[in-house]
């Protein structure tokens, strides 16, 4: 017996009863009331896994062969605990119906019952269902909004606009072009678009076209058959095919050769992929999110990028503002990354003083969020407020030479270990992997007191 799935948006009432005369009479009543009805004579035909978020009502007899109304109620509520189920009982089945109500049934009707009683119960159940699903939608929207705030951090107008755009584009299936400088967070945006979409349970495949050698880029993206070229000893599934059913994030798309761009354009238009060495077209159900740090329009004008591919990609685009355009977000982001870094290493979070905060805002951040994250994590480790290109201006309290940096790092590690729960110098020394006397010498050198009741300095011979 093949499963029957009437759980579509058009069906309002699913009626299940093994008595053909009663089933026909009840259907006629519901039809005349303008309700869209589907009927079954056996609950075993039903695919209950499809009922989640269905906007309708189930009306079922309790006494049926195979799966009775009580078992059906249990199976439906395993999938959606709020689905309204109205049970029909015969004379003498009232105790069973009361048990069903306690088990989550919406209502029960004792035979014989007037048509108005059925219609009234169904209409009330439909209204309750509408409100439940509306509430679910609102809660989901709030949860997604909260998740977006956690991923795309910032109070600036640019970030607020970006979050709104991501939320809107996540709900549709269109391919997206993400524009942003190096380190701006293009993959973070792409991942958010995937995770908030209907494809969230499918694969998310990220590939950087700029990191692929010209000789392997086509094989990596489109795949190949055994013998397609020298060295192709077995079939390879390409990234596009691997991402089928999900999302493929293609970064640095501007680095692709014109020949590969032609193949990508065909894939975007026809939604098929052809492995190297094969004539078979493989259908794809895929969303492509491309990203670039360049002006593709200018690249197209210069002949470095296909104009038709640019126009095909630029239907839906997002621009991530560089960090220098959203200075108000810098302290917030720095604190977020510094606290995360401290937590990861088991350290107590450090606080920026006013001077350090001012230096953060004065810096241009050419590496954007990636550079800021690196600086914040170094700060969390006690390595000072420095960048890849050197110490920030006015950071006179930070070490400049290698020896001083090593000393500062050693001090930060010991200080961090001292903040952990220890009851003796010996346990601290063991945690650091050094003798207790060495630890005592370093505590004295770095000015780090450690006072434990009964703890005495080690003897020279220890």
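Using N, Cα and C of the backbone, Cβ positions are placed for all residues, glycine too.
As given in Swiss-Prot:
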- 180-187, 243-252: ATP binding site (BINDING)
- 12-126: domain 'Response regulatory' (DOMAIN)
- 152-381: domain 'Sigma-54 factor interaction' (DOMAIN)
- 61: 4-aspartylphosphate (MOD_RES)
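Classification of residue 180 (ATP binding site) by DSSP places it in coil, neither helical nor stranded.
With helix defined as DSSP H, G or I and strand as E or B, the domain 'Response regulatory' (12-126) counts 51 helix, 23 strand, 41 coil. In this structure, the C-alpha atom of residue 186 (ATP binding site) lies 55 angstrom from that of residue 61 (4-aspartylphosphate). Sequence-distant neighbours of residue 250 (ATP binding site) (same chain, 6+ residues apart, CB-CB distance under 8 A): 207, 209, 288, 289, 290, 291. A straight line from the CA of residue 61 (4-aspartylphosphate) to the CA of residue 247 (ATP binding site) spans 44 Å. Annotation note: residue 247 (ATP binding site) sits in a strand segment as assigned by DSSP. Of all the Cβ atoms in the protein chains shown, 23 others lie within 10 Å of the Cβ of the residue listed as '4-aspartylphosphate'.
Most Cβ neighbours within 10 Å among the binding-site residues 244, 247: this distinction goes to 247. When other Cβ atoms within 10 Å of the Cβ of residue 180 (ATP binding site) are tallied across all protein chains shown, the result is 22. Around the Cβ of residue 183 (ATP binding site), the same chain contributes 367, 368, 369, 370, 371, each under 8 angstroms and 6 or more positions distant in sequence.
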